[in-house]
Amino acid sequence: MDEVDDILINNQVVDDEEDDEEMLSGLENDSKQDLEGNDDGGEDEEDDDDDDEDDDDDEDEREDDDEQEDDDGEDDAARMDKTATPTNEHQHDEQKAAAAGAGGAGDSGDAVTKIGSEDVKLSDVDGGVGSREASSSTHEASANGEVYEYYKHMLNAAQIADSYNIYPTAAIPIQTHVNALAVSRGLKYLFLGGSDGYIRKYDLLNTLEGKLSLTILQKHSLAESIQNAGILQSYWENEIPQKKSEMKLSANKTDYEPKVSPVHSLEVQSECLFILSGLQNGGITMQGVRYMEGSIAHYFKGRNGHTQIVNILRLNGQEDRFLSGSWDKRLLEWDLQTGDIVNEFKKSRSELSSLEMRPLYSSVDVSGNVNSGKENENADDDMDSLFGDEDEDEKQDAGNEPVETGDGSNGEENKEQISEESLNIVYDESVFMTSGLNGSVHIWDRRMTQSPALSLERGAGVPPWCLSACWGVDGDHVYAGRRNACVEQFDLKMPSKPIHNLKLPSISGPVSCVKAMPNNKHLLCASRDNIRLYNVEIAVDASNSTTKSSKVPFLIVPGHHGGIISNLYLDPTSRFIISTSGNRGWQGNSTDTTLIYDIDLE
């Protein structure tokens, strides 16, 4: 064993000596290379510098990698802390208590917890979503408020204008009679109903902005100012609901042929949640617009519903009830919540042709109207409820709530003229007016459903015909278009006969539509040849023999010519007018064109 140990020790000594010799030889070689590098003039120094730069770059890359790993480590630690924080409720409560006791959570009083290496407010972590929702709702409310203020400003400007310059800018060619129109909130969509049985939806805003132009052939017969075309978005049938036994099924027994009715009336909810459409069989359909477009959600018919064409539909301000008029001489009020008839206004003596709610702020005196009512043999003996008699509140229908009548004595002074929710004109919904084909014009009170509150009889020599009637902006006057090219003006203070007769040129034909302008001085009168903007004051002076004026009482609005005007729509700000052409199921021809006009205030 001793010999073996001596051999191992000697081998170890020999190995150590060999290592020392190799080290000495390496040092000698290095010194020789240094001397040779100095003799070469520093050529190798440049190589060494390059090597040093490469080494520096490598070191920088390693440092960046180390920093990235440190950041990843911190992120992982933060995620682990965040994950661990909600799971350990006891530690979470201790952290909140410690943070609250240490610094009072800053000036704002919010508790602070430490997540990872950062101090975060618990209110920011827990309530971030709620704060974002609150800020978005606040922003939306402020935007709606700005639009509402703009609408009021434009309406006030239109009310004090001396005159209006009306000119057409857009046209929608439709090869059918357009009997009805409806416009959604903020002029977003335009709905047109035709005698071909289709409801068409147009993008009205982009149409007004001129996003689509008419073709050369379409411009050929139109005024030069008309350049824009209507942007059609969709269309669908005005379908009449059928029983399963009455359906005509196809060969595969899965499809059926729909029964389509001409569209005689339309009324859309302000947010386009639904649209009401009148049918030829006396029914009324509620159809989806924003959701399930064109599908029928409800069918208003019932045993006591209309039996003939429904040509009038009007939603109330709350959009929970609507009025319907028909060729069966009946005027009904429906509840959208239950789908039932809540009121029937009786003793309507003719097919209804138009219906309008009364404007706010009527200045009619109570005693003056009562006296005039006694002198009028054709009017009702009791007219007090029309002008706010409190004793009539007990006689109102059980389904109705008491409503202010709209005269100044009933506290209507503070009511805004435009609704902030729907951006539509606010009316006095307790009083409305209807016109009939026999020439009758009736004033109705919602609390008197047994008969009209007032009946405005036509003047001597006027034929029994009236397609359209409208209120004056003041709520005291009514204008009725007649067949013999004239418009009769009625005053509620003297309802027994018309106070003025505004005559149009005899060649103009019957007056098919009238619309009062917001300054209470001008009236739009649509007849077969043209649309005229009448100055009522000048027209009255011209008709008076003692104060006869040489001024022409009207201006011709360019665009329309040679057809029956079925509707005139004036937007709440009085910036635009929409006219449709159609005979509404009666006599007359159509121009097959819907025109959109711009209004400039003067």
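Glycine is treated like the rest: Cβ placed from N, Cα and C.
Since the structure is predicted, the reported quantities are computational estimates derived from the model, not experimental observations.
The region 'Disordered' annotation in Swiss-Prot covers 1-141 (among others).
What Swiss-Prot lists as compositional bias 'Acidic residues' is 14-23 (among others).
Taken from Swiss-Prot, the feature compositional bias 'Acidic residues' applies to 36-75 (among others).
Positions annotated as phosphothreonine by Swiss-Prot: THR85.
The phosphoserine annotation in Swiss-Prot covers SER108 (among others) and is backed by a large-scale study or a structure entry.
Feature annotation from Swiss-Prot assigns phosphoserine to SER123 (among others).
Per Swiss-Prot, the feature phosphoserine maps to SER131 (among others).
Among the features that Swiss-Prot reports, repeat 'WD 1' is placed at 173-212. Proximity of distant same-chain residues to the repeat 'WD 1' (173-212), defined by a Cβ-Cβ separation under 8 Å and at least 6 residues beyond the stretch ends, is recorded for 147, 218, 227-238, 260-272, 275, 277-278, 287, 289, 293-294, 311, 422-424, 566-567, 569, 571, 576, 578, 580-585, 590, 592-594, 596.
Taking H, G and I as helix, E and B as strand and the rest as coil, DSSP gives the repeat 'WD 2' (305-346) the counts 0 helix, 22 strand, 20 coil. Sequence annotations record features per position, and here Swiss-Prot assigns repeat 'WD 2' to 305-346.
Residues annotated as region 'Disordered' in Swiss-Prot: 366-418 (among others).
Residues or ranges marked as compositional bias 'Acidic residues' by Swiss-Prot: 378-395 (among others).
Annotation source Swiss-Prot lists repeat 'WD 3' at 415-454.
According to its DSSP assignment, SER451 (phosphoserine) is coil. Positions annotated as phosphoserine by Swiss-Prot, on the basis of a large-scale study or a structure entry: SER451 (among others).
According to Swiss-Prot, the repeat 'WD 4' annotation covers 506-544. DSSP places the residues of the repeat 'WD 4' (506-544) in helix, strand and coil in these numbers: 11 helix, 17 strand, 11 coil.
Here Swiss-Prot flags 560-600 as repeat 'WD 5'. When pLDDT values are averaged over the repeat 'WD 5' (560-600), the model yields 94.
Counting same-chain residues at least six beyond the ends of the repeat 'WD 2' (305-346), those with a Cβ under 8 angstroms from any Cβ of the stretch are 179, 264-267, 269-270, 276-280, 282-284, 286, 298, 352-355, 357, 397, 399-400, 419, 422, 424, 426-427, 429, 432, 434, 436, 444, 446, 449-452, 584-585. Taking Cβ pairs closer than 8 Å, the repeat 'WD 4' (506-544) reaches residues 155, 158-164, 166, 465, 467-474, 479-487, 489, 500, 551-557, 559-568, 570, 574, 577, 579, 588 in its own chain, all 6 or more past its ends. Secondary structure of the repeat 'WD 5' (560-600), assigned with DSSP and counted as helix (H, G, I), strand (E, B) and coil, comes to 0 helix, 20 strand, 21 coil.
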